[in-house]
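A.B. asks: Quick one: this structure, given as C-alpha coordinates, is what I'll be asking you about.
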Amino acid sequence: MSRRFLHSSAGFLFIRPIRIRPRSIPVRRLLSLQSTSDPRRPLKDRQQESARRNKAVCCGAEQSLLSKYFQFTSNIHTMSSQPVPEAAAAAPEVSQSRASGAEASCAAASEKTAVAPSAPEPEPKLPPLSAAEYREYNRLADSMEYFHNHFKQTWNMMYTAAGNNRRPANMTLRQFIDTGLAFVRQLTMHHNIEEQLLYPQLAVRMDDFRNQDGKKGGSKPSRKQSELLLQHRLIHEGMDRFEDYLTECRRGQLDFEMATLKTKMDDWNDVLWLHLDAEVETLKAENMRKYWTLPEMRRLQI
(Lines of atoms letter the chains of each structure in order from A and count residues from 1; the text may use other names and numbers.)
(Lines give C-alpha, C1' and ligand atoms only; values in the text may rest on other atoms or scores of the structure.)
Protein backbone atom coordinates (compact mmCIF):
# COMPACT_ATOMS: atom_id res chain seq x y z
CA MET A 1 0.00 0.00 0.00
CA SER A 2 1.49 3.30 -1.08
CA ARG A 3 0.90 6.64 0.47
CA ARG A 4 -0.23 9.54 -1.68
CA PHE A 5 0.29 13.21 -0.94
CA LEU A 6 -1.34 16.24 -2.54
CA HIS A 7 0.46 19.51 -2.74
CA SER A 8 -1.48 22.61 -1.86
CA SER A 9 -0.72 26.12 -0.81
CA ALA A 10 -1.06 25.09 2.83
CA GLY A 11 1.41 22.29 2.45
CA PHE A 12 1.24 18.62 1.77
CA LEU A 13 -1.99 16.76 2.50
CA PHE A 14 -1.94 13.04 3.30
CA ILE A 15 -4.68 11.05 1.62
CA ARG A 16 -5.54 7.78 3.50
CA PRO A 17 -5.90 4.91 1.02
CA ILE A 18 -9.16 2.97 0.93
CA ARG A 19 -8.80 -0.77 1.55
CA ILE A 20 -11.07 -2.84 -0.70
CA ARG A 21 -11.92 -6.36 0.43
CA PRO A 22 -12.75 -8.94 -2.24
CA ARG A 23 -16.26 -10.31 -2.07
CA SER A 24 -16.93 -14.03 -2.43
CA ILE A 25 -19.63 -14.88 -4.90
CA PRO A 26 -21.75 -18.02 -4.38
CA VAL A 27 -21.52 -20.86 -6.89
CA ARG A 28 -25.11 -20.45 -8.03
CA ARG A 29 -24.50 -16.78 -8.70
CA LEU A 30 -21.36 -17.55 -10.73
CA LEU A 31 -23.25 -20.05 -12.85
CA SER A 32 -25.99 -17.59 -13.47
CA LEU A 33 -23.43 -14.97 -14.40
CA GLN A 34 -21.71 -17.36 -16.76
CA SER A 35 -24.98 -18.26 -18.44
CA THR A 36 -26.01 -14.66 -18.79
CA SER A 37 -22.58 -13.26 -19.68
CA ASP A 38 -23.08 -13.70 -23.41
CA PRO A 39 -25.07 -10.64 -24.55
CA ARG A 40 -25.63 -12.12 -27.98
CA ARG A 41 -28.05 -14.83 -26.72
CA PRO A 42 -31.70 -14.01 -26.14
CA LEU A 43 -32.68 -13.07 -22.60
CA LYS A 44 -35.22 -15.91 -22.25
CA ASP A 45 -32.71 -18.58 -23.28
CA ARG A 46 -30.15 -17.25 -20.89
CA GLN A 47 -32.64 -17.32 -17.97
CA GLN A 48 -33.70 -20.92 -18.75
CA GLU A 49 -30.11 -22.11 -18.94
CA SER A 50 -29.30 -20.41 -15.63
CA ALA A 51 -32.27 -22.08 -13.92
CA ARG A 52 -31.30 -25.47 -15.39
CA ARG A 53 -27.76 -25.20 -14.08
CA ASN A 54 -28.92 -24.13 -10.65
CA LYS A 55 -31.23 -27.18 -10.53
CA ALA A 56 -28.39 -29.47 -11.56
CA VAL A 57 -26.21 -28.14 -8.76
CA CYS A 58 -28.97 -28.75 -6.17
CA CYS A 59 -29.68 -32.25 -7.45
CA GLY A 60 -26.00 -33.09 -7.35
CA ALA A 61 -25.74 -32.04 -3.71
CA GLU A 62 -28.84 -34.05 -2.80
CA GLN A 63 -27.50 -37.06 -4.67
CA SER A 64 -24.21 -36.90 -2.78
CA LEU A 65 -26.05 -36.86 0.57
CA LEU A 66 -28.29 -39.76 -0.42
CA SER A 67 -25.35 -41.81 -1.64
CA LYS A 68 -23.55 -41.30 1.67
CA TYR A 69 -26.68 -42.35 3.61
CA PHE A 70 -27.21 -45.49 1.56
CA GLN A 71 -23.54 -46.41 1.88
CA PHE A 72 -23.75 -46.01 5.70
CA THR A 73 -26.87 -48.21 5.96
CA SER A 74 -25.37 -50.86 3.70
CA ASN A 75 -22.27 -51.00 5.95
CA ILE A 76 -24.49 -51.55 8.99
CA HIS A 77 -26.35 -54.44 7.29
CA THR A 78 -23.07 -55.96 6.22
CA MET A 79 -21.72 -55.86 9.79
CA SER A 80 -24.90 -57.42 11.22
CA SER A 81 -24.84 -60.26 8.69
CA GLN A 82 -21.24 -61.24 9.55
CA PRO A 83 -20.74 -64.18 12.05
CA VAL A 84 -20.10 -63.29 15.71
CA PRO A 85 -16.52 -63.91 16.88
CA GLU A 86 -15.88 -66.59 19.54
CA ALA A 87 -14.93 -64.06 22.21
CA ALA A 88 -18.15 -62.14 21.69
CA ALA A 89 -20.17 -65.38 21.77
CA ALA A 90 -18.53 -66.42 25.04
CA ALA A 91 -19.31 -63.08 26.69
CA PRO A 92 -22.97 -63.90 27.56
CA GLU A 93 -21.88 -67.21 29.10
CA VAL A 94 -19.29 -65.44 31.24
CA SER A 95 -21.79 -62.82 32.33
CA GLN A 96 -24.34 -65.56 33.08
CA SER A 97 -21.80 -67.50 35.17
CA ARG A 98 -20.90 -64.30 37.01
CA ALA A 99 -24.56 -63.62 37.67
CA SER A 100 -25.09 -67.17 38.98
CA GLY A 101 -22.02 -66.80 41.20
CA ALA A 102 -23.32 -63.52 42.54
CA GLU A 103 -26.70 -65.14 43.26
CA ALA A 104 -24.99 -68.04 45.04
CA SER A 105 -22.93 -65.67 47.18
CA CYS A 106 -26.03 -63.63 48.02
CA ALA A 107 -27.89 -66.84 48.97
CA ALA A 108 -25.00 -67.97 51.17
CA ALA A 109 -24.87 -64.56 52.82
CA SER A 110 -28.60 -64.65 53.46
CA GLU A 111 -28.30 -68.15 54.96
CA LYS A 112 -25.50 -67.00 57.24
CA THR A 113 -27.61 -64.03 58.26
CA ALA A 114 -30.60 -66.27 58.94
CA VAL A 115 -28.57 -68.84 60.89
CA ALA A 116 -26.52 -66.39 62.91
CA PRO A 117 -28.34 -65.73 66.21
CA SER A 118 -29.04 -62.15 67.04
CA ALA A 119 -27.03 -60.80 69.93
CA PRO A 120 -29.16 -60.18 73.03
CA GLU A 121 -29.63 -56.56 73.91
CA PRO A 122 -27.78 -55.56 77.08
CA GLU A 123 -30.00 -54.73 80.04
CA PRO A 124 -30.05 -51.07 81.02
CA LYS A 125 -27.77 -50.32 83.94
CA LEU A 126 -29.78 -49.31 86.98
CA PRO A 127 -28.58 -46.61 89.39
CA PRO A 128 -27.04 -47.80 92.67
CA LEU A 129 -29.34 -48.24 95.64
CA SER A 130 -28.95 -46.58 98.99
CA ALA A 131 -28.73 -48.75 102.10
CA ALA A 132 -32.37 -48.11 102.98
CA GLU A 133 -33.56 -48.88 99.45
CA TYR A 134 -31.53 -52.07 99.35
CA ARG A 135 -33.05 -53.28 102.64
CA GLU A 136 -36.56 -52.67 101.33
CA TYR A 137 -35.92 -54.40 98.00
CA ASN A 138 -34.17 -57.31 99.74
CA ARG A 139 -36.81 -57.70 102.48
CA LEU A 140 -38.55 -60.73 100.96
CA ALA A 141 -35.24 -62.48 100.29
CA ASP A 142 -34.12 -61.98 103.90
CA SER A 143 -37.40 -63.37 105.26
CA MET A 144 -37.31 -66.32 102.87
CA GLU A 145 -33.70 -67.08 103.72
CA TYR A 146 -34.54 -67.13 107.44
CA PHE A 147 -37.14 -69.91 106.97
CA HIS A 148 -34.99 -71.80 104.49
CA ASN A 149 -32.02 -71.85 106.86
CA HIS A 150 -34.23 -73.52 109.46
CA PHE A 151 -35.25 -76.19 106.93
CA LYS A 152 -31.62 -76.71 105.89
CA GLN A 153 -30.52 -77.15 109.50
CA THR A 154 -33.15 -79.80 110.23
CA TRP A 155 -32.48 -81.59 106.96
CA ASN A 156 -28.71 -81.68 107.51
CA MET A 157 -29.16 -83.14 110.99
CA MET A 158 -31.40 -85.98 109.78
CA TYR A 159 -29.45 -86.66 106.58
CA THR A 160 -26.14 -86.81 108.47
CA ALA A 161 -27.64 -89.22 111.03
CA ALA A 162 -29.01 -91.44 108.26
CA GLY A 163 -25.66 -91.43 106.48
CA ASN A 164 -23.72 -92.25 109.67
CA ASN A 165 -26.37 -94.80 110.76
CA ARG A 166 -26.52 -93.11 114.13
CA ARG A 167 -28.95 -90.55 115.50
CA PRO A 168 -27.81 -87.57 117.64
CA ALA A 169 -26.81 -88.44 121.19
CA ASN A 170 -29.37 -86.15 122.87
CA MET A 171 -32.35 -87.59 120.90
CA THR A 172 -34.42 -90.68 121.38
CA LEU A 173 -35.74 -92.57 118.37
CA ARG A 174 -39.23 -91.17 118.99
CA GLN A 175 -37.89 -87.60 119.10
CA PHE A 176 -35.90 -88.19 115.95
CA ILE A 177 -38.95 -89.47 114.06
CA ASP A 178 -41.11 -86.61 115.40
CA THR A 179 -38.48 -84.09 114.19
CA GLY A 180 -38.81 -85.53 110.68
CA LEU A 181 -42.62 -85.38 110.74
CA ALA A 182 -42.51 -81.78 112.04
CA PHE A 183 -40.18 -80.91 109.18
CA VAL A 184 -42.77 -82.24 106.71
CA ARG A 185 -45.63 -80.26 108.28
CA GLN A 186 -43.64 -77.01 108.42
CA LEU A 187 -42.41 -77.28 104.84
CA THR A 188 -45.91 -78.11 103.61
CA MET A 189 -47.34 -75.06 105.41
CA HIS A 190 -44.52 -72.91 104.05
CA HIS A 191 -45.27 -73.95 100.46
CA ASN A 192 -49.01 -73.44 100.90
CA ILE A 193 -48.44 -69.88 102.13
CA GLU A 194 -46.13 -69.20 99.19
CA GLU A 195 -48.51 -70.53 96.54
CA GLN A 196 -51.65 -68.98 97.99
CA LEU A 197 -50.36 -65.61 99.20
CA LEU A 198 -46.89 -64.69 97.93
CA TYR A 199 -46.70 -66.23 94.45
CA PRO A 200 -49.96 -64.69 93.14
CA GLN A 201 -48.70 -61.23 94.10
CA LEU A 202 -45.35 -61.71 92.38
CA ALA A 203 -46.83 -63.47 89.34
CA VAL A 204 -48.44 -60.20 88.23
CA ARG A 205 -45.08 -59.14 86.78
CA MET A 206 -42.62 -62.01 87.33
CA ASP A 207 -42.75 -65.14 85.19
CA ASP A 208 -40.73 -67.12 87.76
CA PHE A 209 -43.87 -67.38 89.90
CA ARG A 210 -46.45 -67.77 87.14
CA ASN A 211 -47.93 -70.82 85.44
CA GLN A 212 -47.21 -70.95 81.72
CA ASP A 213 -50.92 -71.48 81.00
CA GLY A 214 -51.68 -68.05 82.44
CA LYS A 215 -52.74 -69.01 85.97
CA LYS A 216 -51.15 -67.17 88.86
CA GLY A 217 -49.62 -69.56 91.38
CA GLY A 218 -51.95 -72.33 92.42
CA SER A 219 -51.52 -75.67 94.15
CA LYS A 220 -52.68 -77.99 91.35
CA PRO A 221 -49.85 -79.99 89.74
CA SER A 222 -49.04 -78.93 86.19
CA ARG A 223 -46.01 -79.57 84.00
CA LYS A 224 -46.55 -76.17 82.40
CA GLN A 225 -45.83 -74.34 85.61
CA SER A 226 -42.76 -72.19 86.22
CA GLU A 227 -39.56 -73.77 87.47
CA LEU A 228 -40.16 -72.82 91.10
CA LEU A 229 -43.67 -74.26 91.09
CA LEU A 230 -42.47 -77.41 89.36
CA GLN A 231 -39.83 -77.79 92.07
CA HIS A 232 -42.63 -77.62 94.64
CA ARG A 233 -44.33 -80.55 92.95
CA LEU A 234 -41.16 -82.64 92.85
CA ILE A 235 -40.34 -81.86 96.48
CA HIS A 236 -43.79 -82.96 97.63
CA GLU A 237 -43.59 -86.21 95.67
CA GLY A 238 -40.45 -87.19 97.60
CA MET A 239 -41.68 -85.68 100.84
CA ASP A 240 -44.85 -87.81 100.73
CA ARG A 241 -42.78 -91.03 100.61
CA PHE A 242 -40.55 -89.70 103.41
CA GLU A 243 -43.61 -88.88 105.54
CA ASP A 244 -45.28 -92.23 104.90
CA TYR A 245 -42.21 -94.13 106.05
CA LEU A 246 -41.80 -92.09 109.26
CA THR A 247 -45.52 -92.37 110.03
CA GLU A 248 -45.44 -96.16 109.73
CA CYS A 249 -42.35 -96.34 111.93
CA ARG A 250 -44.00 -94.01 114.49
CA ARG A 251 -47.04 -96.28 114.64
CA GLY A 252 -44.85 -99.36 115.00
CA GLN A 253 -45.95 -100.80 111.64
CA LEU A 254 -42.33 -100.86 110.40
CA ASP A 255 -38.96 -101.17 112.09
CA PHE A 256 -36.99 -97.96 111.71
CA GLU A 257 -33.76 -98.26 109.74
CA MET A 258 -31.33 -95.43 108.98
CA ALA A 259 -30.40 -96.89 105.59
CA THR A 260 -34.06 -96.89 104.50
CA LEU A 261 -34.47 -93.33 105.76
CA LYS A 262 -31.48 -92.21 103.72
CA THR A 263 -32.97 -93.80 100.60
CA LYS A 264 -36.23 -91.92 101.21
CA MET A 265 -34.26 -88.65 101.54
CA ASP A 266 -32.00 -89.16 98.53
CA ASP A 267 -35.00 -89.05 96.18
CA TRP A 268 -35.57 -85.32 96.70
CA ASN A 269 -32.38 -84.06 98.32
CA ASP A 270 -31.05 -82.32 95.19
CA VAL A 271 -34.30 -80.64 94.14
CA LEU A 272 -34.92 -79.46 97.72
CA TRP A 273 -31.58 -77.66 97.98
CA LEU A 274 -31.88 -76.30 94.46
CA HIS A 275 -35.26 -74.80 95.29
CA LEU A 276 -34.20 -73.34 98.64
CA ASP A 277 -31.33 -71.47 96.97
CA ALA A 278 -33.09 -70.47 93.72
CA GLU A 279 -36.10 -68.95 95.47
CA VAL A 280 -33.92 -66.69 97.60
CA GLU A 281 -31.88 -65.59 94.57
CA THR A 282 -35.05 -64.68 92.67
CA LEU A 283 -36.26 -62.50 95.56
CA LYS A 284 -33.01 -60.57 96.03
CA ALA A 285 -32.86 -56.81 95.54
CA GLU A 286 -30.94 -56.94 92.24
CA ASN A 287 -33.78 -58.86 90.63
CA MET A 288 -36.79 -57.36 92.41
CA ARG A 289 -35.91 -53.76 91.49
CA LYS A 290 -36.35 -54.68 87.79
CA TYR A 291 -40.08 -55.26 88.35
CA TRP A 292 -41.20 -53.22 91.36
CA THR A 293 -40.95 -49.72 92.73
CA LEU A 294 -40.23 -48.98 96.40
CA PRO A 295 -43.87 -48.22 97.31
CA GLU A 296 -44.96 -51.44 95.60
CA MET A 297 -42.32 -53.42 97.51
CA ARG A 298 -43.68 -52.12 100.80
CA ARG A 299 -47.16 -53.44 99.92
CA LEU A 300 -45.92 -56.98 99.14
CA GLN A 301 -46.61 -59.33 102.04
CA ILE A 302 -45.09 -62.69 102.98
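Note that Cβ sites are derived from N, Cα and C of the backbone, with glycine treated the same way.
Curation plays no part in TrEMBL annotations; they are all automatic predictions.
Sharing the record's features from TrEMBL:
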REGION    31-55  region 'Disordered'
COMPBIAS  38-52  compositional bias 'Basic and acidic residues'
COMPBIAS  101-118  compositional bias 'Low complexity'
REGION    101-129  region 'Disordered'
DOMAIN    142-283  domain 'Hemerythrin-like'
A.B. asks: What is the number of residues in the domain 'Hemerythrin-like' (142-283) that are helix, strand and coil, as DSSP sees it?
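C.D. replies: The composition, in the requested order, is 103 helix, 2 strand, 37 coil.
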A.B. asks: Pop the mean pLDDT for the domain 'Hemerythrin-like' (142-283) in here, whole number is fine.
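C.D. replies: A mean pLDDT of 91 is what the model gives the domain 'Hemerythrin-like' (142-283).
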